[in-house]
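Okay, these came from Swiss-Prot:
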| type | residues | note |
| --- | --- | --- |
| BINDING | Gly287, Arg288, Gly289, Lys290, Ser291, Ala292, Ala293, Leu294, Gly295, Leu296, Arg470 | ATP binding site |
| MOD_RES | Lys426 | N6-acetyllysine |
| DOMAIN | 558-753 | domain 'N-acetyltransferase' |
| MOD_RES | Thr716 | phosphothreonine |
| MOD_RES | Ser934 | phosphoserine |
| MOD_RES | Ser984 | phosphoserine |
| MOD_RES | Ser987 | phosphoserine |
| COMPBIAS | 997-1018 | compositional bias 'Basic and acidic residues' |
Amino acid sequence: MHRKKVDNRIRILIENGVAERQRSLFVVVGDRGKDQVVILHHMLSKATVKARPSVLWCYKKELGFSSHRKKRMRQLQKKIKNGTLNIKQDDPFELFIAATNIRYCYYNETHKILGNTFGMCVLQDFEALTPNLLARTVETVEGGGLVVILLRTMNSLKQLYTVTMDVHSRYRTEAHQDVVGRFNERFILSLASCKKCLVIDDQLNILPISSHVATMEALPPQTPDESLGPSDLELRELKESLQDTQPVGVLVDCCKTLDQAKAVLKFIEGISEKTLRSTVALTAARGRGKSAALGLAIAGAVAFGYSNIFVTSPSPDNLHTLFEFVFKGFDALQYQEHLDYEIIQSLNPEFNKAVIRVNVFREHRQTIQYIHPADAVKLGQAELVVIDEAAAIPLPLVKSLLGPYLVFMASTINGYEGTGRSLSLKLIQQLRQQSAQSQVSTTAENKTTTTARLASARTLYEVSLQESIRYAPGDAVEKWLNDLLCLDCLNITRIVSGCPLPEACELYYVNRDTLFCYHKASEVFLQRLMALYVASHYKNSPNDLQMLSDAPAHHLFCLLPPVPPTQNALPEVLAVIQVCLEGEISRQSILNSLSRGKKASGDLIPWTVSEQFQDPDFGGLSGGRVVRIAVHPDYQGMGYGSRALQLLQMYYEGRFPCLEEKVLETPQEIHTVSSEAVSLLEEVITPRKDLPPLLLKLNERPAERLDYLGVSYGLTPRLLKFWKRAGFVPVYLRQTPNDLTGEHSCIMLKTLTDEDEADQGGWLAAFWKDFRRRFLALLSYQFSTFSPSLALNIIQNRNMGKPAQPALSREELEALFLPYDLKRLEMYSRNMVDYHLIMDMIPAISRIYFLNQLGDLALSAAQSALLLGIGLQHKSVDQLEKEIELPSGQLMGLFNRIIRKVVKLFNEVQEKAIEEQMVAAKDVVMEPTMKTLSDDLDEAAKEFQEKHKKEVGKLKSMDLSEYIIRGDDEEWNEVLNKAGPNASIISLKSDKKRKLEAKQEPKQSKKLKNRETKNKKDMKLKRKK
């Protein structure tokens, strides 16, 4: 192995980073990149004036070498024994592994390294890297440290554009298979913009993409005082000014940055007030020292004599840093363990010996106690409640933790997880409003009414930390990462133009190839889009950015104001819609999955609805799921979201026909680069030139054929109202709430039909009926926490129309209620008995009413809410008094009126049934015939003649001889004269034998024969004897 001089710019970059306390990024291309990690680490060790920097080594599955030290020694001895040991080749890496503190970590376990700090981070297996992992691992590197990304050998960096990433398998669905790697292209292009980034090969040659470092110069050496920035000097002055103010001075001495010191001062200000009506909300990005500031504040609260302090967090394991700084604060305040306080650790192995309680007994008994976020009822005696990582706790639980005591809360925003948006969007916004209301000056008229409210009103203080603890401000790697993953787009631009009419705005299709091409103009537009996303949604993850860029089924639309023809700049974005095309799954795939109880990735609505209704045909329909609608914060609630949705629906219904003969076609795949085209050391990477326009009018692109539009969102009254107004119908409501927001996921659908088709389609009506039936049954279980108004809003849906239900019959009524039940109802309707006597019948009455089986029974909104609350949610009148906001006496009056109406309807059903049973005289209705009288007579004559002919024919064919009457006229005259005029029977002599005689003769002869045979048999027997 021959020696080679390493490019001096690599050493200068590392040394400058150490001097400025800023990180450096190296991308090493080549299979032997691991060997160059040793050289880079060696350079870093020489540049720093402290212990050997620790290393975080992240990988997917196979490390490529053994991390086990004993195993490595055995392998070394084996090589010595075989005589294959090459000291020059093997030694450097062996020595590096043996002498360096390396933390090996699988990518799927990187959440465990949060809060740790390393001097160097190595990321191998590029195909497993996701934006989340990149942000999570890079964030752990301290100032002056190195981030090293290892790539396999390739002849051109453009080959990375077509690398299949592991996450791409999740983006593919049965109908959409072709993934385009736009994110990788943008990642490679962004490396050129990072001043602290070097792309090198595995021989440490600098590649042309890093040409910006051609003129890199080493920084002149600085004294410790010269290296301090203005904020460091201000922090030093603050610490000196507070030396005489105790216990604040010693606590501020523990702070690392000016921001952190100011946050601790704000906390101590809240503690020293002792009004117990303040909320201090601390928000910051990762690595800004939030937990440390909270820990120091708790130590300050103990010093100020607070007795009951409660700390909550998603898990006690997350509070290591907080309690570490509580004890550092105690040390600064000269508290001694065992003498002044004792520490109690958890015995639960899951919590990793986390601190759960601290008992302080220096002056009087004081406790710092961990409680679970769900145990808000235990806060009765609390004086201070500290909520760490509040964004990771469900919003309803955080609200329940607020009470008549001092509250400190800290939350991460702008981090890779993007969790803090739920806190800042919803909770802090509500606290701001409450705080503003309490500050309103009370006039003479409202003084009495607001006294009680002001007594319970809370004051909100907001603190944010900008400066990082680990590295110096202005870190180039942080800026590169924020730009690449659109993390730092919280500061949304205010729109200076007026509000255009929603009807005048137009929807445009955004071409993703152009959006992610890393051109300056498209980058500005992308940052604007992501700023809207962050400002209008509670959870945004960098992984969403990769899905938006690479997933083949996702499409992006934006609503823009009318643009004057002379305008050259990009217009302001009013709203963004992200749509995911779903469905077109084969029936066989669905049947296989339903039978095994498994669902494929993607296609959220088809799989969920198919599973819920056990319908294998629904997945075959093609649909579009609205993933996000993000409206500019200045323009929310003005109708722009509804306008964007309306235009999107019209587009997919085919109302914007594409009239151009030559449709603008976007390439479905990026052209691969042949290996002979250009060498790695000569290649120049620039954004593509031959790109289509960024924005297309809807009539410039043909729409996909869709059967329905759908949406899945966290149910809130405001969102439900928005989607119902847009014509959507609920078909699914998840029974368990979301872990982060505490909201139930709701799926709503709308069929895309022509204008003349008013009905919503047979399958949607069937789904809606089934959903309503099941929802009514579940209202007393999982959905009993819903307010009656929200539940009523879900049940009542004008978009489906009121189905024609058959009126309630007497048989159905008798199946539900006995005659005695109806008697009880009637007694209550006359105010003769108490309402408790009929409570057992209210669930049945409620159910048949909300299933539209009570015909035209009309109830007001308040009556419907009351019936639903008592009958289906099984709530007490006291609970409903708060929720419906009416006094209980008024509620009982409404309830009595409901029962009166029901009794009246039941009586009508019974009366109608009795009326039908009674025989009513029917009037004969005479109607004139169409035929004339002569035609009618002719027809009757013909019928008679034909009938007569048939009868005559029958008589002719019959033998009637036995009916002939004998005797001539003389004999008849003689007999008649003898009988006289009054005789009723006469007899005439006939020559025919009588029937009886004729019948007896053969019988007698038969008897004689039988006797003769019997006599003969007897004679034979006698002879034999």
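Backbone N, Cα and C define each Cβ position, glycine as well.
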Which has the fewest other CB atoms in a 10 Å radius around its CB: Ser291, Thr716, Ser934, Ser984, Ser987, the listed recorded positions?
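If we count Cβ atoms within 10 Å for the recorded positions Ser291, Thr716, Ser934, Ser984, Ser987, the smallest count is at Ser984.
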Taking only the Cα atoms, work out how far Ser984 (phosphoserine) lies from Gly295 (ATP binding site), in Å, as a whole number.
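The Cα atom of Ser984 (phosphoserine) is 133 Å away from the Cα atom of Gly295 (ATP binding site).
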Would you mind ranking the binding-site residues Gly287, Gly289, Gly295 by how many other Cβ atoms sit within 10 Å of each Cβ and giving me the lowest?
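Comparing Cβ neighbour counts within 10 Å for the binding-site residues Gly287, Gly289, Gly295 gives Gly287.
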Arg470 (ATP binding site) has how many other Cβ neighbours within 10 Å of its own Cβ?
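For Arg470 (ATP binding site), the 10 Å Cβ neighbour count is 22.
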Using C-alpha atoms, which one of the modified residues Thr716, Ser934, Ser987 comes nearest to Gly295 (ATP binding site)?
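Considering only the listed modified residues, the nearest one is Thr716.
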Cα of Gly287 (ATP binding site) to Cα of the residue listed as 'phosphothreonine': how many Å, rounded?
33
Where the distance is taken from Cα to Cα, which of the binding-site residues Gly289, Ser291, Ala293, Arg470 turns out closest to Ser987 (phosphoserine)?
Ser291
Around Ala293 (ATP binding site), how many other CB atoms lie within 10 A of its CB?
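A 10 Å sphere around the Cβ of Ala293 (ATP binding site) contains 30 other Cβ atoms.
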With the ATP site defined by the record as Gly287, Arg288, Gly289, Lys290, Ser291, Ala292, Ala293, Leu294, Gly295, Leu296, Arg470, how many Å span the farthest pair of C-alpha atoms?
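Overall maximum Cα spacing for these binding residues reaches 18 Å.
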Please report how many Å separate the Cα atom of the residue listed as 'phosphothreonine' from that of Ser291 (ATP binding site), as a whole number.
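On Cα coordinates alone, these residues lie 32 Å apart.
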Averaging the per-residue pLDDT over the domain 'N-acetyltransferase' (558-753), what integer do you get?
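PLDDT averaged over the stretch: 84.
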Rounded to a whole angstrom, what is the C-alpha distance between Gly289 (ATP binding site) and Ser934 (phosphoserine)?
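Counting only the Cα atoms, the answer is 112 Å.
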